[in-house]
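Some features that TrEMBL has for this protein:
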type: DOMAIN; residues: 8-446; note: domain 'Major facilitator superfamily (MFS) profile'
type: TRANSMEM; residues: 53-76; note: transmembrane segment
type: TRANSMEM; residues: 83-103; note: transmembrane segment
type: TRANSMEM; residues: 109-134; note: transmembrane segment
type: TRANSMEM; residues: 146-164; note: transmembrane segment
type: TRANSMEM; residues: 176-197; note: transmembrane segment
type: TRANSMEM; residues: 261-285; note: transmembrane segment
type: TRANSMEM; residues: 297-318; note: transmembrane segment
type: TRANSMEM; residues: 325-347; note: transmembrane segment
type: TRANSMEM; residues: 353-382; note: transmembrane segment
type: TRANSMEM; residues: 394-416; note: transmembrane segment
type: TRANSMEM; residues: 422-440; note: transmembrane segment
Amino acid sequence: LTGTLVLSVFTAVLGFFQYGYSLGVINAPQKGTLAPPANSGEDLAHSMHILTMYWSLSVSVFAVGGMVSSFTVGWIGDRLGRVKAMLVVNILSIVGNLLMGLAKFGPSHLLIIAGRAVTGLYCGLSSGLVPMYVSEVSPTALRGALGTLHQLAIVTGILISQVLGLDFLLGNDEMWPLLLGLSGMAALLQFFLLLLCPESPRYLYIKLGKVEEAKKSLKRLRGNCDPMKEIAEMEKEKQEASSEKKVSIKQLFTSSKYRQAVIVALMVQISQQFSGINAIFYYSTNIFERAGVDQPVYATIGVGVVNTVFTVISVFLVEKAGRRSLFLAGLMGMLISAVAMTVGLVLLSQFAWMSYVSMVAIFLFVIFFEVGPGPIPWFIVAELFSQGPRPAAIAARGFCNWACNFIVGMCFQYIADLCGPYVFVIFAVLLLVFFLFAYFKVPETKGKSFEEIAAVFRR
């Protein structure tokens with residue numbers, strides 16, 4: 001582990017930190033920030049309806065940006081190189097954050113929605129470029145552990161946004177534009193640090209054929225060890241890549257050869273987003289209020305802390321316990337927690353102590369998510385496909401993940417109003433479906449070659 005490698009990975013995952021910050025930050029200004037000015041004679045219910053609409057829109061337009069840009073990840077990464085591509089897309093983040101930071105000086109809800117859309121475009125690109133760069137600069141032995149850092153950066157971003165969203169810090173009527181636009185600072189930091197990072201040696205060697213530059217880059221990343229062993233590995237990968245034709249997204253979905261793997265790759269993303277975890281992040285403060293907590297904001301921050309701690313634990317677990325078993329354990333735990341949460345919310349009016357049941361259930365829900373369904377979908381897709389279909393599979397994964405994120409963000413508030421305390425029953429049913437699917441269809445990928453995994457799908 002050299003200083004340059006640490007700097008490169010840290011700089012890259014700042015992109016995921018911004019993604020996490022954008023997910024969490026929208027929770028704090030929910031009250032009043034996006035409220036359109038209500039005329040004294042205007043019906044309050046109508047004003048609340050408009051507020052819910054603005055609110056859902058500003059949550060979900062972020063995901064629309066991500067959906068749109070996730071398809072261009074492979075193209076921009078190959079065209080500009082990994083580091084230059086991350087540099088260029090950072091401009092989107094800075095622009096989006098400026099729009100939100102200046103929301104007080106214009107039509108605030110429109111500026112926030114525009115800023116969220118532009119930030120979403122950035123996050124869609126960065127959520128593809130960052131794992132690509134990190135996996136290419138990491139030594140093989142550290143690839144799994146460094147791959148889990150994406151999720152750690154996301155939950156750290158969520159936690160920091162929740163702490164800064166406290167009323168006495170930035171979550172008040174005066175300071176909320178600064179709160180929304182603050183991840184622009186991380187974008188600026190990433191911009192300047194990227195100027196110090198070496199280009200991916202794999203990209204230089206396999207895509208551009210620049211042998212000397214690839215060796216230089218490897219020497220910077222690995223310190224004094226001989227680069228020839230890794231160069232030989234890359235040569236082998238280059239031969240395989242040239243013998244294996246690049247697969248388009250259309251071919252990926254129409255060829256029966258990839259069908260099983262594609263279904264697994266997409267279902268893993270769907271189960272990450274439709275598990276109900278976004279509902280907890282987006283509306284946690286609201287859920288704690290319903291459960292009768294005096295200071296719901298602090299409970300939400302508690303969720304953020306637990307989230308971060310268990311992500312750190314999963315960094316160590318994922319190489320030991322295997323992907324499949326952690327994924328299954330996580331889904332089962334979340335299912336039980338969702339049922340407990342529903343019971344707690346339904347019986348709250350009869351037994352005051354039920355509020356503790358719902359709260360414990362929320363914490364357990366988050367813990368089980370971070371054990372498996374949280375981190376694993378980010379890197380398992382790259383393990384399911386070889387060099388040829390991998391770029392198309394990663395683009396499809398990105399689009400699917402963002403599309404589900406959008407649907408949850410847009411619909412959850414309306415469904416919650418409709419179903420009241422029974423809302424998590426929907427997620428419990430979905431979790432059961434995902435568990436059964438994973439049990440019968442998802443293979444173990446830990447320590448297996450692409451050939452061995454492909455053989456599992458052929459059975």
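Just so it is clear, glycine is given a Cβ too, placed from its N, Cα and C backbone atoms.
As a quick check, the transmembrane segment (394-416) and the transmembrane segment (176-197) miss the bar of 3 or more Cβ pairs under 8 A, pairs 6 or more apart, so the two do not touch. Under 8 Å from some Cβ of the transmembrane segment (53-76) lie the Cβ atoms of residues 22, 26, 30, 34-36, 85, 88-89, 109, 112-113, 116-125, 127-129, 132, 249, 282, 391-392, 394-395, 398-399, 401-403, 405-406, 409-414, all in the same chain and six or more residues away from its ends.
Remote same-chain partners of the transmembrane segment (176-197), defined as residues 6 or more beyond its termini with a Cβ less than 8 Å from a stretch Cβ, comprise 4, 7-8, 10-12, 14-15, 17-18, 21-22, 25-26, 28-29, 33, 83, 86-87, 90, 93-94, 96-104, 108, 112, 115, 119, 122, 157, 161, 164-165, 170.
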